[in-house]
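According to TrEMBL:
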- HIS13: active site, tele-phosphohistidine intermediate (ACT_SITE)
- GLU88: active site, proton donor/acceptor (ACT_SITE)
- ARG12, HIS13, GLY14, GLU15, SER16, THR17, ASP18, ASN19, ARG62: substrate binding site (BINDING)
Amino acid sequence: MAAPIISVTFVRHGESTDNLRSVWAGWADAPLSNHGMNQARAVGQSLSQTHFIAIHASDLKRAYTTAQAIHDAQPTPPPFDSSPLLREQHFGVAEGKPWSLHLEPGMSLEDHYAKGIYPVIFNREDKFPEGESLDDLARRAEEAIDKFVMPHVWDAARSGKRGVHVALVSHGLCISELIAALMRKSAVGGGSADKYKGLLNTAWTRVAINVHGAKEGEPVEFPSNESPPLTMKVTDVNRHEHIDDIKRQKGGIGNAAYDPKQADIRAFFGGAAVGEPAASNARDETVDP
C-alpha cells in the first residue's frame, strides 16, 4: 500500500506540576514535573525514526518543552515553532482553582463560584467567566489546522511527495478538537471530538491524509482557490508504549505533590472514567494514573 501524502502526529504534553493538583489548568503555564520530563524524553526517542519536516507546538511550557524533546531527538532537527493557537482550552477565572465533578446540593453555580469552586461543565456552549467554551476551542482549532497543517498538505500534493510527517504538540482537549477539525476536511466527513479524547501524557494519535485520486509520485495540480478532495484515516490512537515502563522517581519538580490516592481523579481527567457525559471540558486536564 502506498504511503499517505502526509501524516500528522498529535502529541499530548508530558505531566506538568499542575497535572498533579485537582485544579483547572488551561492557560496556566506550569512546567513539566520531573516525571513529565522523563516522559518527554521517552516520546522524543520513540519518535526519533519518524522524520518530521516540521514541529508545531503550543507556547505553554508543558507542551513547548515536550516538543523541544521531540525536536532534539530528531536525527536532522526540522523547523520548530510555537503558537497560542495550540494552547489548551482557556478556563478564565477558574484557572488554578479547584474543580468539582458535581454541584453541591442546595448550592447554585454562583454559590460555588463564590467559594472558589468551579464544577465541570458538561456541554459545549457554556464556559467559565472570561474563558473559552468547547465551541470556542473548536473554532480556534480550525484556525490552527488551516495555519499549521493544510499548507504542508498542499505543498506535498503539488510536489508529488509521499510519506511526509508533521507533528503538533498540544494539550488533551485541544488535540481532540484539532483532530476533529482536520477530519471535517475529509471528503467523506469527519467525527466528533469526543472520539479523540483521553490521551495519556505524551501519548500520540496520527492521521494519514491523501488527495483523492492522486497517483504516487505525480504532482497534483489545482488552483489555490479550489482545493482537491481529501481522504483521511486515523491510523493510531493514544499510543503510549514509550511510557509504560517509566517509574516515578523520588525527588524532582512536582514529586512532592504526587498523591497515588488521587488516582481516580486523575483517571477521570485523563478520560478513563465511565459514566461521564461526553462533552465534559475537564476530562484531559490532570495526569494519567
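Glycine too: its Cβ is placed from the backbone N, Cα and C atoms.
If you measure from the Cα atom of GLU88 (active site, proton donor/acceptor) to that of ARG12 (substrate binding site), you get 10 Å. When Cβ atoms from all protein chains are considered, those within 10 Å of the residue listed as 'active site, tele-phosphohistidine intermediate' total 30, not counting its own. The record assigns ARG12, HIS13, GLY14, GLU15, SER16, THR17, ASP18, ASN19, ARG62 to the substrate binding site, and the maximum Cα to Cα distance across that set is 15 Å. The CA atom of ARG62 (substrate binding site) is located 6 Å away from the CA atom of HIS13 (active site, tele-phosphohistidine intermediate).
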